[in-house]
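Asks: Shown below is the structure under consideration.
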């Protein structure tokens, strides 16, 4: 008689009970009776890839973007910006052409994800004033880059009463600029309830396929398709804030380079 495995449910038409032969805690799944389908679905989770069925080995999650090849490369940008009411912009897809782990091999690569880490803070004079200031962040994809530098915040976004919190992409630029992610952070000044700095820690999946020209330098003017831009603006008209950020992009080189 063949032996039964430990995680098989034994039940028969004549029996009025079901048993589960494993040594799990009785409090994990006490509410509902487990099914064979649920156990089979979880049984391959913590096994190595060569011991999983063929379906799990063939149809995997898209770790590497379509049309790209490994290894995963990393490029970091350390910057300190004076964020004003009129806004500031930084290009976060500047990658130099080369053979290193931080370089692109050819013209094409795909930015799979971006990691924004840092803080926004006020100086000694501004944090003593009673006010609340919010910094708006817009992660924008420029599908057709043009010129030597990115367009300013006021040129890209349409605002009511010059308020960055009401910023939307202008109608004639909606096919070129796409807001992929939008978030904000708040600082408060004053003698009571002061919050002079706010930490930032954001991770986004973007899957942006960037195309350069034949130049090697990491510049905005060398982009031909899909430049990734980070726009920042504060809501207070007279009190600026400072942003100390470390931005990391994780990208893969394209196969067709």
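Backbone N, Cα and C atoms are what each Cβ position is placed from, and that goes for glycine too.
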Asks: Of 3-20, 21-38, which span is tagged motif 'Bipartite nuclear localization signal' by Swiss-Prot?
Replies: 3-20
Asks: Using DSSP, tally how many residues of the zinc finger (68-85) sit in helix, strand and coil.
Replies: 0 helix, 16 strand, 2 coil
Asks: For the motif 'Nuclear export signal' (101-122), could you work out the same-chain residues 6 or more beyond its ends whose Cβ comes under 8 Å from its Cβ atoms?
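Replies: Sequence-remote neighbours of the motif 'Nuclear export signal' (101-122) are 65, 67-68, 71-76, 83, 92-93, 95, 133, 135, 137, 139, 185, 187, 189, 196-214, 224, 228, 230, 239, 241-254, 256-257.
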Asks: Find the average pLDDT over the motif 'Nuclear localization signal' (40-54) in the predicted model and report it.
Replies: 69
